[in-house]
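Trainee: So TrEMBL lists the following for this protein:
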| type | residues | note |
| --- | --- | --- |
| REPEAT | 120-142 | repeat 'WD' |
| REPEAT | 143-178 | repeat 'WD' |
| REPEAT | 187-228 | repeat 'WD' |
| REPEAT | 229-270 | repeat 'WD' |
| REPEAT | 284-318 | repeat 'WD' |
| DOMAIN | 363-399 | domain 'SOCS box' |
Amino acid sequence: EEPVLLAELKPGRPQRYDWKSSCETWSVAFSPDGAWFAWSQGHCVVKLIPWPLGEAELGCKTSERKSRGGKAETWSRGAAKEKTLECGQIVWGLAFSAWPAAEDGDTDPACAVGLPCLVLATGLNDGQIKVWEVQTGHLLFSLLGHQDVVRDLSFAPNGSPILVSASRDKTLRVWDLSRDGRQVQVLSGHVQWVYCCSISPDCSMLCSAAGEKSALLWSMRSYTLIRRLEGHQSSVVSCDFSPDSALLVTASYDACVIMWDPYTGEQLRTLRHVPLHSTLDSSSEIHTSSLRSVCFSPEGLYLATVADDRLLRIWALELRSPVAFAPMTNGLCCMYFPHGGFIATGTRDGHVQFWTAPRVLSSLKHLCRKALRTFLTTYQVLALPIPRKLKEFLTYRTF
């Protein structure tokens, strides 16, 4: 089933042609609970949009927007209302995180006592990171340290206030928002601009991708380099972990996605982007269009990729060819809705598009594998007194 375009939102202001406008949507993000969507729509502006939870409500609201010309017009869901964050600089990276619950006696005005709230971090053109409180739109922190564009951001998925930033200054930096945004660590090792960073769901590893042929894997416990992942023939620009942390995917300008075992550094398979009209012709040459973004689906059975050949592709984990395509122009980024069923993509024109994605009921086998791999490393699985074929299944050597 091919992805269906549900809606396309466009910036509500006319495009400017000076260098400050930068209309590209370099980043989109859903909040972990799926209640908010953040859209870097260009013009130094981020839109915070309350997100419907049900599929029917989604179709209704987005169709309404599209029929009105596609512009981001204010609407509300209950008490939540759309907000505009004026960041003052071109916005490159976005990341949501739940703020830790305030303790009794805590005077922090950001959150009510005992109630966690949501924050959004924005990575800016001048090296700043601005952290906003979503419900109010208030600025909580301005984190200073980077010397160039903050290209990507990643919060620790366990809800801890640890934020990692990736920058064109060739470093990654680790920040602790519970300590007033104190810089905890600077990670150096890249020799080119850092494009992407991703923290594993178990919060043990960090992957970073720069304009290099290798991706770097770091320990989130010691903040030291674990290994270099070498295998691409051109710059690695995007990376993502599977929901159980057992797999890592990297996307490169070489038009390939490589699936890795992050614990061993092994390449498990390569997904090659070939022209749409010859996907069934194994003798066709690999398409030279650069990849821009890769992301895992929430249940870990699908991947989505965006490339310069104007296609959004969806891949099933067990197959080497895409299971679905959708035409899209000038795509830069993609992200799954946290509860599945939808994909958001951003474009060079400042637009954001919402697509249907395959909904799947995970098999009991996959659910068991996913549950086990959330707390067992590859080495721990291999040490279990179980049959070899079961070990291969649990370590994704067979699909």
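Backbone N, Cα and C atoms are what each Cβ position is placed from, and that goes for glycine too.
Owing to the predicted nature of the structure, the values given are computational and were not obtained by experimental measurement.
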Trainee: Would you mind listing the long-range same-chain contacts of the repeat 'WD' (284-318), meaning Cβ under 8 Å and 6+ residues beyond its ends?
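Mentor: Residues 3, 234, 237-244, 247, 249-257, 271-276, 278, 324-340, 343, 345, 355, 357-358, 360, 362, 366, 370, 399.
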Trainee: Under DSSP, the repeat 'WD' (187-228) has how many residues in helix, strand and coil?
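Mentor: Counts, helix then strand then coil: 0 helix, 24 strand, 18 coil.
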Trainee: Mind checking which residues of the chain, 6+ beyond the ends of the repeat 'WD' (187-228), have their Cβ under 8 Å from one of its Cβ atoms?
Mentor: 148-149, 151-158, 160, 162, 164-168, 170-174, 234-245, 248, 250, 252, 262, 265, 374-375
